[in-house]
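Below: the structure, in structure tokens.
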Amino acid sequence: MTTNLRKTHPLLKMINNSFIDLPTPSNISIWWNFGSLLGACLILQTITGLFLAMHYSSDISLAFSSVTHITRNVQYGWLIRNMHANGASLFFMCIYLHIGRGIYYGSYLYKETWNIGIMLLFTVMATAFMGYVLPWGQMSFWGATVITNLLSAMPYIGNTLVQWVWGGFSIDNATLTRFFTLHFLLPFSIMGLTIVHLMFLHETGSNNPTGLNSNIDKIPFHPYFSYKDALGLILMLTTLLTLTLFFPNLLGDPENFTPANPLSTPPHIKPEWYFLFAYAILRSIPNKLGGVLALLFSILILFLLPTLHTSKQRSMMFRPISQMLFWSLVADLLILTWIGAQPVEDPFIMIGQLASIMYFTILLILLPITSIIENKMLK
């Protein structure tokens, strides 16, 4: 009997063990679809980004007009540009759903996979932020000014650090050039981290909705989950194309249609929708350093989740009180997202502060205590 090439060839064997003959729990739901969707987003963003980079010019006198040139004169430039901009939104939508799934079903107990995932989140956030600066519109310029200025909150070395990042005494040509360089470079780091993420995941195998050991009931990834993932991919691409072709500027900021002007500040500086929750947490503390630390900790807190897990059960599937807290956390994040887009005035300041306190309270105090209570109820 002839041996199958995909099982013997050194390279094909790796692909086979990762995407074809991979033993997968038979009961994983649609929530396990987002990993492959994120992979698809990454590929799409890299391809569209590559074509945009061919026509973009990272000089402050040319950047804005080069983006205009792409959308007007390049063949299908408008499509590539809009797919890249809205693809970022879909990327973050998938990331947040993927992380939410991980929290709900206790996937964070695969510590290495989880930690690499958070590092991926930071890298993607940095990439998205720098990408937003590249069109050199008003919101690009002032967004970059506000966010890079946060580094000055660092004691002693703050101001030096800001000037080092800017490459001068203000945001200028050097800043735009380095942001373009890093925006081009980071996606390849993301690809590398993704491979490590998958490598650690395949050491343990996937978690499943029950949180129980599923070794007794595994099925091959292909054809079962490759087709299931294909459905998710079609739905995601449909959403992306609907956004791109019918509402291309729905998620953008109208201020970015105005070229960057250091002499005119927009009435309300705000980041893209996917950073609004963190921006609201940053603004909820009246102290600069305190705000920056809260902003950092709002993401870094994810590293603590495996340590804060006190339940005897892995998943929240059979824990109704924890479920209520989880959905309260989701609602809280939606409130923070809304507050981040509002001006700094009452009642928004107070709502933002309460929502920020609630965010940390649920994750650090309420969920661990609830898990202990649920353990006692099982006895």
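Please read every residue number as a count from 1 along the shown chain.
Backbone N, Cα and C define each Cβ position, glycine as well.
Over in Swiss-Prot, the protein carries these features:
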type	residues	note
BINDING	H84, H183	heme b b562 binding site
BINDING	H98, H197	heme b b566 binding site
BINDING	H202	ubiquinone binding site
TRANSMEM	34-54	transmembrane segment
TRANSMEM	78-99	transmembrane segment
TRANSMEM	114-134	transmembrane segment
TRANSMEM	179-199	transmembrane segment
TRANSMEM	227-247	transmembrane segment
TRANSMEM	289-309	transmembrane segment
TRANSMEM	321-341	transmembrane segment
TRANSMEM	348-368	transmembrane segment
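Mapped onto this structure are the features recorded in Swiss-Prot.
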| residue | record | Cβ contacts under 8 Å, 6 or more apart |
| --- | --- | --- |
| H84 | heme b b562 binding site | Q45, T48, G49, L52 |
| H98 | heme b b566 binding site | F34, G35, L38 |
| H183 | heme b b562 binding site | G49, T127, M130, G131, L134 |
| H197 | heme b b566 binding site | T113, I116, G117, L120 |
| H202 | ubiquinone binding site | N17, S18, L22 |
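Contact between the transmembrane segment (289-309) and the transmembrane segment (114-134) holds: at least three of their C-beta pairs are under 8 Å, each pair 6 or more apart in sequence. Nonlocal intrachain contacts for the transmembrane segment (321-341), taken as residues 6+ away from its ends with a CB within less than 8 angstroms of a stretch CB, comprise 100, 103-104, 270-271, 273, 275-281, 283, 311, 348, 351-352, 355-356, 358-359, 362-363, 366-367, 370-371, 373-374. Only pairs six or more apart in sequence are counted, and the transmembrane segment (179-199) with the transmembrane segment (114-134) gives three or more Cβ pairs under 8 Å, enough to call it a contact. Taken residue by residue with DSSP, H98 (heme b b566 binding site) is part of a helix.
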